[in-house]
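So that you can see what the record holds, here are the features copied from TrEMBL:
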type: DOMAIN; residues: 1-356; note: domain 'Kinesin motor'
type: BINDING; residues: GLY103, GLN104, THR105, GLY106, SER107, GLY108, LYS109, SER110; note: ATP binding site
type: COILED; residues: 408-446; note: coiled coil
Amino acid sequence: YRIRLTLTPGYNEREKQRNAQLVISMSGNTTIIKNPENMSAEGKRFAFDYSYWSHDDFNDRGDGYFEPASSKYADQQRVFDDLGKGVLDNAWKGYNCSLFAYGQTGSGKSYSVMGYGNNKGIVPMFCDELFKGVEGKRSTAKEDEEYQVTFSMLEIYNEQVRDLLNAKSMSVKGGLKVRQSPNKGFYVESLVSCPVNSFKEIENKINEGNRNRTVAATNMNATSSRAHTIVAITFVQKTPNETGQSMTRTSSVNLVDLAGSERADSTGATGDRLKEGSAINQSLSSLGNVISALADQSTGKKKVVVPYRDSVLTKLLQNALGGNSKTIMIAALSPADINYDETLSTLRFADRAKAIKTTATVNESPTDKLIRELREENARLMEMIKTGGVVLPPDGAGGGGGGGGYSKDEVEEMKRQLEEELRANQEEMENMKKSWEQRMKEKEQDNQVMVKMRQLETGNEWMWDRNKFINRKFLMQEMYQNYVEGADDWDVPKVRVIFAIRIDGSPNIRYQSSGSNFVAFFIE
(Lines of atoms letter the chains of each structure in order from A and count residues from 1; the text may use other names and numbers.)
(Lines give C-alpha, C1' and ligand atoms only; values in the text may rest on other atoms or scores of the structure.)
Protein backbone atom coordinates (compact mmCIF):
# COMPACT_ATOMS: atom_id res chain seq x y z
CA TYR A 1 0.00 0.00 0.00
CA ARG A 2 1.00 3.63 -0.46
CA ILE A 3 -0.43 5.91 2.24
CA ARG A 4 -1.16 9.63 1.96
CA LEU A 5 -2.54 11.99 4.61
CA THR A 6 -4.72 15.02 3.83
CA LEU A 7 -6.28 17.68 6.06
CA THR A 8 -9.74 19.16 5.61
CA PRO A 9 -9.61 22.79 4.29
CA GLY A 10 -10.37 25.10 7.23
CA TYR A 11 -12.55 24.34 10.24
CA ASN A 12 -16.20 23.30 9.92
CA GLU A 13 -18.98 25.17 11.76
CA ARG A 14 -18.93 22.85 14.76
CA GLU A 15 -15.19 23.32 15.19
CA LYS A 16 -15.48 27.11 14.84
CA GLN A 17 -18.26 27.32 17.42
CA ARG A 18 -16.12 25.44 19.92
CA ASN A 19 -13.00 27.59 19.24
CA ALA A 20 -11.03 24.55 18.09
CA GLN A 21 -7.22 24.62 18.32
CA LEU A 22 -4.68 22.91 16.06
CA VAL A 23 -3.17 19.66 17.35
CA ILE A 24 -1.68 18.53 14.01
CA SER A 25 1.54 19.64 12.36
CA MET A 26 3.48 18.26 9.40
CA SER A 27 7.16 18.14 8.54
CA GLY A 28 7.95 16.62 5.17
CA ASN A 29 6.21 13.24 5.08
CA THR A 30 5.87 13.08 8.86
CA THR A 31 2.64 13.97 10.68
CA ILE A 32 2.74 14.95 14.37
CA ILE A 33 -0.28 14.95 16.67
CA LYS A 34 -0.31 16.43 20.18
CA ASN A 35 -2.62 15.59 23.05
CA PRO A 36 -4.76 18.71 23.71
CA GLU A 37 -4.62 17.98 27.45
CA ASN A 38 -0.83 18.28 27.44
CA MET A 39 0.26 20.47 24.53
CA SER A 40 3.74 21.00 25.99
CA ALA A 41 4.56 17.28 25.72
CA GLU A 42 6.17 15.84 22.61
CA GLY A 43 3.60 14.67 20.09
CA LYS A 44 3.18 11.25 18.49
CA ARG A 45 4.91 10.99 15.12
CA PHE A 46 3.70 9.01 12.09
CA ALA A 47 5.60 8.68 8.78
CA PHE A 48 3.84 8.03 5.46
CA ASP A 49 4.52 8.33 1.72
CA TYR A 50 3.01 11.83 1.65
CA SER A 51 1.59 14.26 4.20
CA TYR A 52 -0.48 17.03 2.62
CA TRP A 53 -1.29 20.26 4.44
CA SER A 54 -4.56 21.71 3.16
CA HIS A 55 -6.01 23.32 6.31
CA ASP A 56 -4.94 26.90 5.63
CA ASP A 57 -2.43 28.95 3.57
CA PHE A 58 -4.73 29.08 0.53
CA ASN A 59 -6.59 31.79 -1.39
CA ASP A 60 -9.77 31.75 -3.45
CA ARG A 61 -8.56 32.74 -6.92
CA GLY A 62 -11.99 34.16 -7.78
CA ASP A 63 -13.71 31.17 -9.36
CA GLY A 64 -13.98 29.11 -6.16
CA TYR A 65 -10.72 27.22 -6.65
CA PHE A 66 -8.41 27.13 -3.61
CA GLU A 67 -4.90 27.94 -4.81
CA PRO A 68 -1.75 27.88 -2.65
CA ALA A 69 -0.76 31.02 -0.77
CA SER A 70 2.53 29.32 0.11
CA SER A 71 4.40 26.11 -0.73
CA LYS A 72 2.98 24.59 2.47
CA TYR A 73 -0.52 24.21 0.98
CA ALA A 74 -1.32 21.18 -1.20
CA ASP A 75 -4.10 21.99 -3.69
CA GLN A 76 -6.22 19.44 -5.56
CA GLN A 77 -3.96 19.51 -8.62
CA ARG A 78 -0.87 18.65 -6.55
CA VAL A 79 -2.68 15.76 -4.88
CA PHE A 80 -3.78 14.44 -8.27
CA ASP A 81 -0.28 14.79 -9.72
CA ASP A 82 1.13 12.67 -6.88
CA LEU A 83 -1.71 10.14 -6.53
CA GLY A 84 -4.05 10.18 -9.52
CA LYS A 85 -1.39 10.12 -12.22
CA GLY A 86 0.16 7.00 -10.69
CA VAL A 87 -3.25 5.29 -10.82
CA LEU A 88 -3.67 6.45 -14.43
CA ASP A 89 -0.23 5.18 -15.51
CA ASN A 90 -0.89 1.78 -13.92
CA ALA A 91 -4.29 1.56 -15.64
CA TRP A 92 -2.62 2.04 -19.04
CA LYS A 93 -0.14 -0.71 -18.16
CA GLY A 94 -3.03 -3.12 -17.42
CA TYR A 95 -2.85 -3.27 -13.63
CA ASN A 96 -5.91 -3.28 -11.38
CA CYS A 97 -5.83 -0.11 -9.27
CA SER A 98 -7.64 0.98 -6.13
CA LEU A 99 -7.77 4.22 -4.21
CA PHE A 100 -9.83 4.63 -1.08
CA ALA A 101 -10.27 7.44 1.44
CA TYR A 102 -10.64 6.71 5.16
CA GLY A 103 -11.34 9.06 8.07
CA GLN A 104 -13.94 10.47 10.40
CA THR A 105 -17.08 12.35 9.37
CA GLY A 106 -16.28 15.82 8.05
CA SER A 107 -12.54 15.23 7.58
CA GLY A 108 -12.52 15.83 3.82
CA LYS A 109 -12.74 12.34 2.26
CA SER A 110 -15.39 13.26 -0.32
CA TYR A 111 -13.52 16.51 -1.00
CA SER A 112 -10.34 14.55 -1.82
CA VAL A 113 -12.05 11.86 -3.92
CA MET A 114 -14.97 13.66 -5.62
CA GLY A 115 -14.12 17.32 -4.99
CA TYR A 116 -16.38 20.34 -4.61
CA GLY A 117 -17.17 22.97 -7.25
CA ASN A 118 -14.05 23.92 -9.19
CA ASN A 119 -11.90 22.03 -6.69
CA LYS A 120 -12.30 18.79 -8.61
CA GLY A 121 -11.27 15.62 -6.80
CA ILE A 122 -9.27 12.62 -7.97
CA VAL A 123 -12.22 10.82 -9.64
CA PRO A 124 -13.24 13.53 -12.17
CA MET A 125 -9.60 14.50 -12.82
CA PHE A 126 -8.65 10.85 -13.41
CA CYS A 127 -11.54 10.38 -15.86
CA ASP A 128 -10.66 13.61 -17.71
CA GLU A 129 -7.01 12.59 -18.15
CA LEU A 130 -7.97 9.02 -19.10
CA PHE A 131 -10.14 10.21 -22.00
CA LYS A 132 -7.51 12.69 -23.15
CA GLY A 133 -5.18 9.71 -23.49
CA VAL A 134 -7.87 7.52 -25.12
CA GLU A 135 -8.75 10.21 -27.68
CA GLY A 136 -5.07 10.64 -28.52
CA LYS A 137 -4.68 6.88 -29.05
CA ARG A 138 -7.87 6.62 -31.12
CA SER A 139 -6.72 9.41 -33.44
CA THR A 140 -3.76 7.29 -34.57
CA ALA A 141 -5.24 3.81 -33.99
CA LYS A 142 -5.12 1.16 -36.68
CA GLU A 143 -8.19 -0.83 -37.73
CA ASP A 144 -7.60 -3.64 -35.21
CA GLU A 145 -6.98 -1.35 -32.20
CA GLU A 146 -9.73 -0.47 -29.71
CA TYR A 147 -9.93 1.43 -26.42
CA GLN A 148 -13.06 0.85 -24.32
CA VAL A 149 -14.20 2.42 -21.05
CA THR A 150 -17.19 1.37 -18.92
CA PHE A 151 -18.40 3.06 -15.75
CA SER A 152 -20.44 1.97 -12.73
CA MET A 153 -21.20 3.65 -9.41
CA LEU A 154 -22.73 2.07 -6.30
CA GLU A 155 -23.19 2.79 -2.63
CA ILE A 156 -23.37 0.50 0.40
CA TYR A 157 -26.03 1.87 2.74
CA ASN A 158 -26.86 -0.01 5.95
CA GLU A 159 -25.07 -3.08 4.49
CA GLN A 160 -27.28 -2.97 1.38
CA VAL A 161 -26.01 -2.30 -2.15
CA ARG A 162 -27.67 0.39 -4.26
CA ASP A 163 -26.90 1.17 -7.90
CA LEU A 164 -26.46 4.95 -8.11
CA LEU A 165 -27.05 4.85 -11.89
CA ASN A 166 -30.34 3.00 -11.48
CA ALA A 167 -32.72 4.83 -9.15
CA LYS A 168 -35.08 1.83 -9.08
CA SER A 169 -32.47 -0.18 -7.17
CA MET A 170 -33.05 2.15 -4.22
CA SER A 171 -36.42 0.48 -3.62
CA VAL A 172 -35.22 -3.14 -4.00
CA LYS A 173 -35.87 -4.86 -0.68
CA GLY A 174 -32.57 -5.91 0.87
CA GLY A 175 -30.60 -4.15 -1.88
CA LEU A 176 -28.88 -5.73 -4.87
CA LYS A 177 -27.42 -9.19 -4.31
CA VAL A 178 -23.68 -9.73 -3.85
CA ARG A 179 -22.59 -12.95 -5.56
CA GLN A 180 -19.31 -14.83 -5.73
CA SER A 181 -17.73 -16.34 -8.83
CA PRO A 182 -14.57 -18.48 -9.02
CA ASN A 183 -13.24 -16.18 -11.74
CA LYS A 184 -14.51 -12.74 -10.74
CA GLY A 185 -14.61 -13.07 -6.96
CA PHE A 186 -17.38 -11.04 -5.33
CA TYR A 187 -19.56 -8.95 -7.64
CA VAL A 188 -22.93 -7.17 -7.58
CA GLU A 189 -25.74 -8.83 -9.50
CA SER A 190 -27.61 -6.61 -12.00
CA LEU A 191 -25.27 -3.62 -11.48
CA VAL A 192 -25.49 -1.19 -14.42
CA SER A 193 -22.16 -0.84 -16.22
CA CYS A 194 -22.38 1.90 -18.85
CA PRO A 195 -20.10 2.16 -21.88
CA VAL A 196 -18.85 5.75 -22.08
CA ASN A 197 -17.17 7.43 -25.02
CA SER A 198 -16.03 10.81 -23.69
CA PHE A 199 -15.27 12.67 -20.49
CA LYS A 200 -18.55 14.59 -20.87
CA GLU A 201 -20.51 11.32 -20.76
CA ILE A 202 -18.67 10.08 -17.69
CA GLU A 203 -19.04 13.50 -16.00
CA ASN A 204 -22.81 13.29 -16.54
CA LYS A 205 -22.81 9.80 -14.99
CA ILE A 206 -20.83 11.05 -11.97
CA ASN A 207 -23.28 13.92 -11.48
CA GLU A 208 -26.22 11.51 -11.82
CA GLY A 209 -24.69 9.18 -9.23
CA ASN A 210 -23.88 12.03 -6.84
CA ARG A 211 -27.50 13.20 -6.96
CA ASN A 212 -28.61 9.74 -5.83
CA ARG A 213 -26.06 9.42 -3.00
CA THR A 214 -27.34 9.18 0.58
CA VAL A 215 -26.27 12.22 2.58
CA ALA A 216 -27.69 13.79 5.75
CA ALA A 217 -26.77 16.42 8.29
CA THR A 218 -25.03 15.58 11.56
CA ASN A 219 -23.42 17.85 14.14
CA MET A 220 -20.01 17.10 12.61
CA ASN A 221 -20.93 17.57 8.94
CA ALA A 222 -23.92 19.26 7.28
CA THR A 223 -23.63 16.98 4.22
CA SER A 224 -22.30 13.79 5.76
CA SER A 225 -22.02 10.76 3.46
CA ARG A 226 -24.21 8.08 5.05
CA ALA A 227 -22.97 5.32 2.76
CA HIS A 228 -19.76 4.00 1.21
CA THR A 229 -19.47 4.93 -2.47
CA ILE A 230 -17.53 2.84 -5.01
CA VAL A 231 -16.83 4.18 -8.51
CA ALA A 232 -15.62 1.37 -10.80
CA ILE A 233 -14.00 2.10 -14.17
CA THR A 234 -13.07 -0.77 -16.47
CA PHE A 235 -10.52 0.16 -19.12
CA VAL A 236 -9.94 -2.33 -21.96
CA GLN A 237 -7.24 -2.03 -24.63
CA LYS A 238 -7.32 -4.35 -27.64
CA THR A 239 -4.11 -4.14 -29.65
CA PRO A 240 -2.09 -6.55 -31.83
CA ASN A 241 1.23 -7.87 -30.51
CA GLU A 242 4.46 -8.27 -32.51
CA THR A 243 3.08 -11.34 -34.34
CA GLY A 244 -0.24 -9.68 -35.16
CA GLN A 245 -2.24 -11.63 -32.56
CA SER A 246 -5.03 -9.61 -30.90
CA MET A 247 -4.25 -9.01 -27.22
CA THR A 248 -6.67 -7.74 -24.57
CA ARG A 249 -5.31 -5.69 -21.67
CA THR A 250 -7.85 -4.95 -18.92
CA SER A 251 -7.61 -2.67 -15.91
CA SER A 252 -10.28 -2.42 -13.20
CA VAL A 253 -10.01 0.85 -11.29
CA ASN A 254 -11.90 1.19 -8.00
CA LEU A 255 -12.16 4.66 -6.48
CA VAL A 256 -13.75 4.43 -3.04
CA ASP A 257 -15.19 7.16 -0.80
CA LEU A 258 -15.83 5.52 2.57
CA ALA A 259 -18.51 6.89 4.88
CA GLY A 260 -16.97 8.62 7.88
CA SER A 261 -16.21 6.78 11.09
CA GLU A 262 -18.05 8.55 13.90
CA ARG A 263 -19.00 8.59 17.55
CA ALA A 264 -22.66 9.07 18.43
CA ASP A 265 -21.93 11.65 21.14
CA SER A 266 -19.89 13.75 18.66
CA THR A 267 -22.35 13.60 15.75
CA GLY A 268 -25.49 14.04 17.86
CA ALA A 269 -27.00 11.18 15.90
CA THR A 270 -30.43 9.86 16.83
CA GLY A 271 -33.08 7.73 15.08
CA ASP A 272 -32.15 6.93 11.46
CA ARG A 273 -28.83 8.80 11.73
CA LEU A 274 -27.87 6.65 14.74
CA LYS A 275 -28.82 3.46 12.88
CA GLU A 276 -26.79 4.58 9.85
CA GLY A 277 -23.81 5.43 12.04
CA SER A 278 -23.96 2.00 13.65
CA ALA A 279 -23.93 0.27 10.25
CA ILE A 280 -21.07 2.52 9.07
CA ASN A 281 -18.97 1.78 12.14
CA GLN A 282 -19.70 -1.95 11.88
CA SER A 283 -18.47 -2.15 8.29
CA LEU A 284 -15.44 0.04 9.08
CA SER A 285 -14.67 -2.23 12.02
CA SER A 286 -14.75 -5.19 9.61
CA LEU A 287 -12.43 -3.24 7.30
CA GLY A 288 -10.08 -2.66 10.25
CA ASN A 289 -10.06 -6.39 11.04
CA VAL A 290 -9.21 -7.19 7.42
CA ILE A 291 -6.41 -4.59 7.40
CA SER A 292 -4.98 -6.04 10.64
CA ALA A 293 -5.10 -9.61 9.29
CA LEU A 294 -3.43 -8.59 6.02
CA ALA A 295 -0.74 -6.69 7.94
CA ASP A 296 -0.09 -9.81 10.02
CA GLN A 297 0.22 -11.85 6.82
CA SER A 298 2.69 -9.35 5.40
CA THR A 299 4.89 -9.64 8.49
CA GLY A 300 5.09 -13.41 8.04
CA LYS A 301 2.50 -14.69 10.51
CA LYS A 302 1.12 -18.11 9.60
CA LYS A 303 -2.46 -19.38 9.48
CA VAL A 304 -4.00 -15.92 9.41
CA VAL A 305 -7.66 -15.94 8.30
CA VAL A 306 -8.66 -12.72 6.55
CA PRO A 307 -12.37 -12.05 7.37
CA TYR A 308 -13.50 -10.63 4.02
CA ARG A 309 -16.99 -12.10 4.44
CA ASP A 310 -17.79 -10.09 7.57
CA SER A 311 -19.28 -7.18 5.61
CA VAL A 312 -20.47 -6.23 2.12
CA LEU A 313 -17.75 -3.57 1.97
CA THR A 314 -14.87 -5.98 2.56
CA LYS A 315 -16.35 -8.54 0.13
CA LEU A 316 -16.42 -6.01 -2.72
CA LEU A 317 -12.97 -4.63 -1.82
CA GLN A 318 -11.30 -8.03 -1.48
CA ASN A 319 -9.15 -7.59 -4.58
CA ALA A 320 -8.29 -4.01 -3.70
CA LEU A 321 -7.31 -4.83 -0.13
CA GLY A 322 -5.25 -7.97 -0.51
CA GLY A 323 -5.38 -9.26 -4.05
CA ASN A 324 -4.29 -8.36 -7.57
CA SER A 325 -4.23 -4.58 -7.26
CA LYS A 326 -1.98 -1.56 -6.80
CA THR A 327 -3.62 0.22 -3.88
CA ILE A 328 -3.43 3.75 -2.50
CA MET A 329 -5.07 4.82 0.76
CA ILE A 330 -5.89 8.42 1.63
CA ALA A 331 -6.28 9.05 5.36
CA ALA A 332 -8.25 12.26 5.88
CA LEU A 333 -7.69 14.08 9.18
CA SER A 334 -9.31 16.85 11.18
CA PRO A 335 -6.60 19.00 12.82
CA ALA A 336 -8.99 20.21 15.59
CA ASP A 337 -8.37 19.40 19.26
CA ILE A 338 -12.00 18.35 19.78
CA ASN A 339 -11.44 15.51 17.28
CA TYR A 340 -8.19 14.28 18.82
CA ASP A 341 -9.39 10.74 19.59
CA GLU A 342 -10.87 10.17 16.11
CA THR A 343 -7.79 11.64 14.40
CA LEU A 344 -5.37 9.51 16.44
CA SER A 345 -7.47 6.44 15.58
CA THR A 346 -7.24 7.28 11.86
CA LEU A 347 -3.45 7.71 12.09
CA ARG A 348 -3.06 4.34 13.77
CA PHE A 349 -5.29 2.70 11.17
CA ALA A 350 -3.18 4.15 8.34
CA ASP A 351 0.04 3.19 10.10
CA ARG A 352 -1.20 -0.40 10.27
CA ALA A 353 -2.27 -0.41 6.62
CA LYS A 354 1.14 0.65 5.29
CA ALA A 355 2.57 -2.74 6.30
CA ILE A 356 0.34 -4.54 3.76
CA LYS A 357 1.89 -5.77 0.53
CA THR A 358 -0.25 -6.62 -2.49
CA THR A 359 0.91 -8.47 -5.61
CA ALA A 360 -0.37 -6.85 -8.79
CA THR A 361 0.02 -8.45 -12.21
CA VAL A 362 -0.70 -7.12 -15.69
CA ASN A 363 -4.09 -8.39 -16.92
CA GLU A 364 -3.20 -9.22 -20.50
CA SER A 365 -4.17 -12.29 -22.52
CA PRO A 366 -4.90 -13.19 -26.13
CA THR A 367 -8.51 -12.20 -26.87
CA ASP A 368 -9.28 -15.66 -28.33
CA LYS A 369 -7.99 -17.30 -25.13
CA LEU A 370 -10.28 -15.16 -22.95
CA ILE A 371 -13.30 -16.03 -25.11
CA ARG A 372 -12.40 -19.75 -25.02
CA GLU A 373 -12.07 -19.72 -21.23
CA LEU A 374 -15.48 -18.06 -20.88
CA ARG A 375 -17.01 -20.59 -23.27
CA GLU A 376 -15.56 -23.47 -21.24
CA GLU A 377 -16.84 -21.93 -18.01
CA ASN A 378 -20.30 -21.56 -19.56
CA ALA A 379 -20.30 -25.22 -20.60
CA ARG A 380 -19.45 -26.22 -17.03
CA LEU A 381 -22.22 -24.05 -15.60
CA MET A 382 -24.75 -25.35 -18.15
CA GLU A 383 -23.93 -28.95 -17.21
CA MET A 384 -24.39 -28.16 -13.50
CA ILE A 385 -27.79 -26.58 -14.22
CA LYS A 386 -28.92 -29.55 -16.32
CA THR A 387 -27.87 -32.14 -13.75
CA GLY A 388 -29.11 -30.12 -10.80
CA GLY A 389 -25.56 -30.07 -9.40
CA VAL A 390 -24.74 -27.62 -6.63
CA VAL A 391 -21.47 -26.52 -5.07
CA LEU A 392 -21.18 -27.34 -1.38
CA PRO A 393 -19.96 -24.64 1.01
CA PRO A 394 -16.25 -24.86 1.94
CA ASP A 395 -17.01 -26.46 5.31
CA GLY A 396 -19.32 -29.03 3.68
CA ALA A 397 -22.23 -27.98 5.88
CA GLY A 398 -25.68 -28.55 4.46
CA GLY A 399 -28.88 -26.78 5.24
CA GLY A 400 -32.05 -28.05 6.83
CA GLY A 401 -33.42 -31.55 7.03
CA GLY A 402 -30.99 -32.68 9.71
CA GLY A 403 -29.24 -34.91 7.15
CA GLY A 404 -26.94 -32.38 5.53
CA GLY A 405 -29.29 -32.00 2.53
CA TYR A 406 -30.59 -28.79 0.99
CA SER A 407 -34.19 -27.67 1.01
CA LYS A 408 -36.05 -27.18 -2.25
CA ASP A 409 -35.85 -23.39 -1.88
CA GLU A 410 -32.09 -23.53 -1.29
CA VAL A 411 -31.55 -25.69 -4.38
CA GLU A 412 -33.66 -23.31 -6.46
CA GLU A 413 -31.65 -20.33 -5.20
CA MET A 414 -28.37 -22.07 -6.06
CA LYS A 415 -29.69 -22.91 -9.51
CA ARG A 416 -30.74 -19.28 -9.99
CA GLN A 417 -27.24 -18.13 -9.02
CA LEU A 418 -25.70 -20.52 -11.57
CA GLU A 419 -28.05 -19.17 -14.26
CA GLU A 420 -27.14 -15.58 -13.35
CA GLU A 421 -23.42 -16.38 -13.56
CA LEU A 422 -24.00 -18.08 -16.92
CA ARG A 423 -25.86 -15.02 -18.20
CA ALA A 424 -23.11 -12.65 -17.04
CA ASN A 425 -20.41 -14.77 -18.68
CA GLN A 426 -22.38 -14.94 -21.91
CA GLU A 427 -22.80 -11.16 -21.94
CA GLU A 428 -19.07 -10.65 -21.31
CA MET A 429 -18.19 -13.08 -24.11
CA GLU A 430 -20.53 -11.37 -26.57
CA ASN A 431 -19.07 -7.96 -25.68
CA MET A 432 -15.56 -9.28 -26.36
CA LYS A 433 -16.62 -10.35 -29.84
CA LYS A 434 -18.18 -6.99 -30.63
CA SER A 435 -16.25 -3.96 -31.70
CA TRP A 436 -16.48 -0.85 -29.54
CA GLU A 437 -18.34 0.92 -32.36
CA GLN A 438 -20.99 -1.84 -32.30
CA ARG A 439 -21.45 -1.51 -28.52
CA MET A 440 -21.78 2.28 -28.68
CA LYS A 441 -24.24 1.98 -31.58
CA GLU A 442 -26.35 -0.48 -29.57
CA LYS A 443 -26.26 1.91 -26.62
CA GLU A 444 -27.53 4.74 -28.82
CA GLN A 445 -30.29 2.50 -30.20
CA ASP A 446 -31.30 1.51 -26.66
CA ASN A 447 -31.66 5.18 -25.82
CA GLN A 448 -33.73 5.91 -28.94
CA VAL A 449 -36.17 2.98 -29.10
CA MET A 450 -39.71 4.06 -28.24
CA VAL A 451 -42.95 2.03 -28.02
CA LYS A 452 -46.30 3.45 -29.16
CA MET A 453 -49.11 3.14 -26.57
CA ARG A 454 -52.85 3.44 -27.28
CA GLN A 455 -55.75 3.86 -24.87
CA LEU A 456 -58.60 1.76 -26.29
CA GLU A 457 -61.44 3.74 -24.72
CA THR A 458 -60.42 7.13 -26.13
CA GLY A 459 -58.01 6.22 -28.90
CA ASN A 460 -55.33 8.49 -27.38
CA GLU A 461 -51.77 7.48 -28.30
CA TRP A 462 -48.41 8.29 -26.66
CA MET A 463 -44.85 6.99 -26.54
CA TRP A 464 -43.05 5.05 -23.80
CA ASP A 465 -39.27 4.77 -23.79
CA ARG A 466 -37.80 1.29 -24.19
CA ASN A 467 -36.76 0.81 -20.56
CA LYS A 468 -40.16 1.76 -19.17
CA PHE A 469 -41.84 -0.59 -21.63
CA ILE A 470 -39.51 -3.49 -20.71
CA ASN A 471 -40.28 -3.00 -17.02
CA ARG A 472 -44.04 -3.00 -17.67
CA LYS A 473 -43.73 -5.99 -20.00
CA PHE A 474 -41.91 -7.90 -17.25
CA LEU A 475 -44.80 -7.12 -14.90
CA MET A 476 -47.25 -8.37 -17.52
CA GLN A 477 -45.34 -11.62 -18.06
CA GLU A 478 -45.19 -12.23 -14.32
CA MET A 479 -48.94 -11.75 -13.93
CA TYR A 480 -49.69 -13.88 -16.98
CA GLN A 481 -47.61 -16.67 -15.43
CA ASN A 482 -49.72 -16.38 -12.26
CA TYR A 483 -52.84 -16.73 -14.44
CA VAL A 484 -51.46 -19.86 -16.21
CA GLU A 485 -50.55 -21.42 -12.87
CA GLY A 486 -54.09 -20.83 -11.60
CA ALA A 487 -53.27 -18.33 -8.85
CA ASP A 488 -56.49 -17.09 -7.22
CA ASP A 489 -55.31 -13.48 -6.95
CA TRP A 490 -54.12 -13.00 -10.54
CA ASP A 491 -57.30 -11.07 -11.52
CA VAL A 492 -58.74 -7.76 -10.32
CA PRO A 493 -62.27 -6.31 -10.31
CA LYS A 494 -63.77 -4.80 -13.46
CA VAL A 495 -61.34 -2.33 -14.99
CA ARG A 496 -61.92 1.12 -16.38
CA VAL A 497 -58.90 1.52 -18.63
CA ILE A 498 -57.39 -1.01 -21.05
CA PHE A 499 -54.19 -0.50 -23.04
CA ALA A 500 -53.03 -2.61 -25.98
CA ILE A 501 -49.39 -2.88 -27.04
CA ARG A 502 -47.97 -4.46 -30.19
CA ILE A 503 -44.35 -4.74 -31.25
CA ASP A 504 -42.98 -6.60 -34.27
CA GLY A 505 -42.85 -10.35 -33.78
CA SER A 506 -44.83 -10.36 -30.54
CA PRO A 507 -48.46 -11.09 -29.69
CA ASN A 508 -50.85 -8.43 -28.52
CA ILE A 509 -50.40 -7.57 -24.88
CA ARG A 510 -53.29 -6.20 -22.85
CA TYR A 511 -52.48 -4.12 -19.81
CA GLN A 512 -55.34 -3.38 -17.43
CA SER A 513 -55.43 -0.85 -14.64
CA SER A 514 -57.97 -0.24 -11.88
CA GLY A 515 -57.02 2.31 -9.25
CA SER A 516 -53.81 1.09 -7.62
CA ASN A 517 -54.32 -2.52 -8.83
CA PHE A 518 -52.67 -3.83 -11.98
CA VAL A 519 -53.12 -7.01 -14.04
CA ALA A 520 -51.86 -8.05 -17.45
CA PHE A 521 -52.09 -11.01 -19.83
CA PHE A 522 -51.13 -11.97 -23.38
CA ILE A 523 -53.71 -12.35 -26.14
CA GLU A 524 -52.47 -15.01 -28.56
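Just so you know, glycine gets a Cβ as well, placed from its N, Cα and C.
Annotations in TrEMBL come from automatic prediction, not curation.
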Least Cβ-crowded entry, counting other Cβ within 10 Å, from the binding-site residues listed as GLY106, GLY108: GLY108
Cβ packing number for THR105 (ATP binding site), 10 Å threshold: 26
Site with most surrounding Cβ atoms, counting all protein chains shown within 10 Å, from the binding-site residues GLN104, SER107, SER110: SER107
